[in-house]
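TrEMBL lists B:A10, B:G11, B:L12, B:G13, B:T14, B:V15, B:G16, B:G17 with the feature NADP(+) binding site. If you look up TrEMBL, you'll see B:K107 marked as NADPH binding site. Residues annotated as L-homoserine binding site in TrEMBL: B:E192. Feature annotation from TrEMBL assigns active site, proton donor to B:K207. What TrEMBL lists as domain 'ACT' is B:356-431.
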Number of protein chains: 2
Amino acid sequence: MSEPLRIALAGLGTVGGGVIRLIEANADLIARRAGRPIVITTVSARNRDKDRGFDVSRYAWEDDMVILGERPDVDVVVELVGGADGPALALARTTFEAGKALVTANKAMIAHHGVELATKAEAAKVALKFEAAVAGGIPVIKGLKEGVAANEIARVYGILNGTCNYILSTMEDTGRDFADVLAEAQAKGYAEADPTFDIDGIDAAHKLSILSSIAFGTAVDFKPVAATGIRRVLAADIAQADVLGYYIRLIGMAETEMDAAGNRRLFQRVHPHLVHRDHPLAHVDGATNAVVAEGNFVGRLLFQGAGAGDGPTASAVVADLIDIARGDIGAPFSIPVAELERAAPAETGHRRGKAYIRFNVADRPGVLAEITAAMRDAGVSIESFIQKGGQDDAPVMVSMVTHEGPESAIAEALRLLDGSPVLAEPPLVMHILGE
Amino acid sequence: MSEPLRIALAGLGTVGGGVIRLIEANADLIARRAGRPIVITTVSARNRDKDRGFDVSRYAWEDDMVILGERPDVDVVVELVGGADGPALALARTTFEAGKALVTANKAMIAHHGVELATKAEAAKVALKFEAAVAGGIPVIKGLKEGVAANEIARVYGILNGTCNYILSTMEDTGRDFADVLAEAQAKGYAEADPTFDIDGIDAAHKLSILSSIAFGTAVDFKPVAATGIRRVLAADIAQADVLGYYIRLIGMAETEMDAAGNRRLFQRVHPHLVHRDHPLAHVDGATNAVVAEGNFVGRLLFQGAGAGDGPTASAVVADLIDIARGDIGAPFSIPVAELERAAPAETGHRRGKAYIRFNVADRPGVLAEITAAMRDAGVSIESFIQKGGQDDAPVMVSMVTHEGPESAIAEALRLLDGSPVLAEPPLVMHILGE
């Protein structure tokens, strides 16, 4: 086992630089733990001459990254290019065709093409590993695939996007509004110039679809994930939640349930939630990620750590490489891809819970009567209700927390109010995270 | 890979029952994830006829548990007998001599004999796994060995004893004193009839020595672990800490450092700490365990979950069995036992930090002057100082938080006060957990 494991690196951005730094800094320790050295032999990126702040001249350069896996001096390709399709996907396919293993941090590609790629990897009897695709440095893929392998998982959920959590917890600490904090996060490099994938929940949805596949043994299925981001959360919502004992967090949640016909259905949703102060996710601040898994014997487990950044992401990439160096191929989604269940998306109307609903309304007589009548007619029972006066002619904020009830009742109440002239904008609904 | 993995179970107490229930309840799922069925063929315990509340008649019974590994119908022995020596150790030795793998939940045995047993397991080229020995169902051994394998670990620490955490958080919630809460915990079965190992920190010290070996690549070395338990923590200390923004938790902590001669030294200590409200460990309540590992690339990771109980412990035992069924032998301590470093224990006097010191003093003139003079003479700088009047002739409680400084200075101050008639009992020192 003293033959080195030879790596090709595709993509030399921040994470690629992190992988190079890590493999160099911790080389001895890695060789000891892996049983053999892990060495980078070849690198590839779009632009050879770009100044990256780190030296890649000691590695062979390959202009055409798609053929990296075909090189005889490469055992494993590390894909850090990103994007669900394009060169990343082409590279993954040619790598498996060449009979080589692939390690990737590419959540979009795994969420969209995970089943196809796992099929190809298993056919070639090589590893496909993607610990870095979910929750950065936190070994949650390994935790689900191996650590809780003895358990039927009832539910997996968590804080899966560091940018959103940074924005929400900064809004919380400073009382500032979303747009303001987002602009600052962009200036500091914590948020992308185009932040859509992060703040609209799509990045979290990618990760959630991967987690739920591994937790439940279902084929990864990104399309049905209902994703709402944090654009519409106001500083006033956060202040209101605080009064009630809650923090607001963007939560990705997945569960399975049986439908009336006895078929297993998959529920996957990314949505801002009110999280009670006593729940461990309430205290996850800044760019941190955290994942909770609930197993039928282990109970509730929490994994928490840095969800992004070059160091943590490189840590996850190299952990996968060490597993491969040790001879662990494994099934990419824990069980063979042919055995993954194709579960239809679950209905949501019958899901029961408490919710926070916030209305911005015109300040005129009869507004409260109209809202409360709609709630009554839809069968929504209200636990607490707060109206905060607007100044002058500004809209007034009315927020409420419902008693536990079906989601369909809230949808019906909002339908009854739809188009009402008293609403200055559509109401915002946030679910309250249950025990 | 369709041959079943055949298990012998030694010890049929609570955890043994949990393992049986789990393997039966989740048999299909385990077979799918492990690639083959895991079946119990043989069981053994001290008393065959005891009513255990579960049926073991379908398994072969072996009277002499020490020879379980020699049976031809056994691939892996699961040792759930407990105790550092005695039958557990004899069983472990004969199992490796017979060339069979061992899975154990026995922290005391691994803490005391881990190096010997790992040597025997490696020589026999079989697995020795002990996920269940540390932090119950939390996959923290796997997390350290594999999840953060790419990192140099700077520090590993956490809440390692559920009984102590239950007692401390109940004292916190109810304002009741230690003895009272302990008695209740014993009545409820949360604490043993003889609670010494738990409340004096020995159980946590066993677990800490195992964690530090894996984190740092050092030979497991239990003897030098300095362990102080929670017997002397008062409800008044908890109330005082709360005023200052802290919770009290029993923390096991391990670090390595270089001594003046350039040799690596190992620091291992179990001690009640003040944990700031903003630290994730502050919110770990009840019988929960939590482990923090700090890596040079991944940053700070937290693993949290149930630290004991039959379900969580069985979850960890069967996760080890699934790894073995998948063909993972691995080195018991992550790197081959021959490469484990023998690190001498670190000195502690130069360790810098803040501390909480509580005195019970006689209520008479000059007491504060004597205490503060000792602090001044030892070079201990005081950040906050609170005296709470006792009633009538009861001793008065004086508590203080020091500025950051070396531990040797506090030791010197206490030496100066040693034997002073103003002290009703020896002072209690608790360290404050740093960032």
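Counting starts with 1 at the first residue shown.
Cβ coordinates come from backbone N, Cα and C, glycine included.
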Between B:K107 (NADPH binding site) and B:G11 (NADP(+) binding site): CA-CA distance (Å): 15
By Cα-Cα distance, the member of recorded positions B:L12, B:T14, B:V15, B:G17, B:K207 nearest B:K107 (NADPH binding site): B:K207
Environment of B:A10, B:G11, B:L12, B:G13, B:T14, B:V15, B:G16, B:G17, the listed NADP(+) site - residues of the same chain whose CB lies within 8 A of the CB centroid: B:L9, B:G18, B:V19, B:A45, B:L80
Rounded Cα separation (Å) that holds between B:A10 (NADP(+) binding site) and the residue listed as 'active site, proton donor': 21
Cβ neighbours within the same chain of B:G17 (NADP(+) binding site) - under 8 Å, at least six residues apart: B:R52, B:G53, B:F54, B:D310
Sparsest-packed among the binding-site residues, when each Cβ's other Cβ atoms within 10 Å are tallied, from B:G11, B:G13, B:G16: B:G13
DSSP state at B:G11 (NADP(+) binding site), helix/strand/coil: coil
Chain-internal residues, separated by at least six, CB under 8 A from B:V15 (NADP(+) binding site): B:L80, B:A105, B:A132, B:D310, B:T313, B:A314, B:V317
Neighbour tally for B:K207 (active site, proton donor), based on other Cβ positions within 10 Å of its Cβ: 29
Spatial neighbours of B:E192 (L-homoserine binding site) that are distant in sequence (at least 6 apart) but have CB under 8 A: B:T163, B:Q186, B:D198
Cβ neighbour count (within 10 Å, all chains shown) around B:T14 (NADP(+) binding site): 18
Residue distribution over DSSP helix, strand and coil in the domain 'ACT' (B:356-431): 23 helix, 27 strand, 26 coil
Separation of alpha carbons, B:K207 (active site, proton donor) and B:L12 (NADP(+) binding site) (Å): 22
Confidence summary for the domain 'ACT' (B:356-431), mean pLDDT rounded: 91
Other CB atoms, at most 10 A from the CB of B:A10 (NADP(+) binding site): 26
Count of other CB atoms lying within 10 Å of the CB belonging to B:L12 (NADP(+) binding site): 23
Rounded distance in angstrom between the Cα atoms of B:G13 (NADP(+) binding site) and the residue listed as 'active site, proton donor': 21
B:K107 (NADPH binding site): tally of other CB atoms within 10 A of its CB: 28
